[in-house]
Amino acid sequence: MAEERSYFGTDGIRGRVGEAPITPDFVLRLGWAAGRVLAGEGQRKVVIGKDTRLSGYMFESALEAGFAAAGVHSLMLGPMPTPAIAYLTRTLHARAGVVISASHNPHHDNGIKFFGPDGYKLDDATEEAIERLLQDGPPQMVRCEELGRATRINDAVGRYIEFCKGSVQRQIDLRGLRVVVDCAHGATYQAAPAVLAELGADVVVIGNEPDGLNINVDHGSQHPERLCQRVVEASADVGVAFDGDGDRVIMVDRYGRVIDGDGLLYIIATARVARGQVRGAVVGTQMTNLGLEVALQELGLVLERTRVGDRYVLERLLQVGGTLGGESSGHIICLDRTTTGDGLISALQVLEAMVTTGRPLDELVAGMHYYPQRLVNVPVSRGPDVIRLPAVTEAVEEAEHQLGDHGRVLLRPSGTEPLLRVMVEGADEGQVNRLADWLAVTVETAARGAATDPI
């Protein structure tokens, strides 16, 4: 049974800068504790990378000091996409990779997460061992002659650029494609434009002027409005937007319309089927649009659903022996290319499909028809308990009956807020909206100890 954790969540340790545990003294202790655990495995080398947040420099120094005190050497990568750090952990033969990032969150948040030597998330047992050391007391420094050293890897970005270029077929040439890239003022600001330009694309770049405070501000995968506008203004063929740490991507067609992770997953899967390269099921989440499931069935593929979160997508892929999975938000995992969600590599797979078929993005995604989906957030204090209330379960059964085989109902407690998320999906938009509103009222009323009549 897994131990109760004080610090590590599903995606490392994250919070607001200056508030426990995201403080310099804690991060130093974290580096020391991680170093002690990792040094015990015989390899005394880790890589450290970060996104473009101003606080990342402070935490980079704290981690380096902690690892040095534990006798572990640090290879410093500087600002790098999260998936690049996973890749370099493997190729530099490090015992672990450490990422300083809060992904798509604002600059005032930050976090720390670890990759193991294979480029996958650090295993639970190692994280639990680190937590135990954190709770044992202040760091105990090794002897001076045993202190770890820090080395700057000056060609880290170049290594990752070559890796990304190698993820598509050697003959792929993007000449003739005009691509607008939005780097969210984040970690992809160097690598993404360079990769696309070196493959021959005519690249227009926005969101590539990080100042430490503007990461994810009005740019990136969560704010595609400027990208949509720029694609149309520049008469571009396609737009690409990453989030702050580069593990998410969404794309925009030539008409300025957003293609989310579900649509991109469909395009990549279609290309893989054409080349006979699909292995196992495709993995999505509870929130994956039903339209993707139907479209994949037409390709002869099965969609496996798991909990929301890229770590759960990865776990399920490994369980079913699959190579392709992702989330609507743009976390896409191509296990035949890399070990984690990589926005740039995912975008390259889509661009490769455009080049090999000679078809624009809007035509490639046309085979998938999105089902209308409505999400309502209902304020409740105990989401899991409310879901089990008789009035709620009966209402869900009634809604599912009305939707039949052409829709879904999902009630999911928020992991961070006192909310219950009510999602209804179906072929008829009017019916979807009616049922979503009715279920939301039912949940809210039941949570107060009452019930509503069925519609």
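For all residues, glycine too, the Cβ spot is worked out from N, Cα and C.
Long-range neighbours of Ser103 (phosphoserine) (same chain, six or more residues apart, CB within less than 8 Å of its CB): Asp11, Thr82, Gly111, Asp243, Gly244, Asp245, Asp247, Arg248. Annotated phosphoserine per Swiss-Prot: Ser103, in sequence order, evidence recorded as sequence analysis.
Annotated active site, phosphoserine intermediate per Swiss-Prot: Ser103, in sequence order.
Residues annotated as Mg(2+) binding site in Swiss-Prot: Ser103, Asp243, Asp245, Asp247. When secondary structure is read from DSSP and collapsed to three states, Asp245 (Mg(2+) binding site) falls in the coil class.
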Neighbourhood of the Mg(2+) site (Ser103, Asp243, Asp245, Asp247): other residues with Cβ within 8 Å of the Cβ centroid, in order?
Asp51, Pro81, Thr82, Ser101, His104, Gly186, Ala187, Phe242, Gly244, Gly246, Arg248, Gly343
If you count other Cβ atoms within 10 Å of each one's Cβ, which of the binding-site residues Asp243, Asp247 has the most?
Asp243
With every protein chain in view, how many other Cβ atoms are within 10 Å of the Cβ of Asp245 (Mg(2+) binding site)?
35
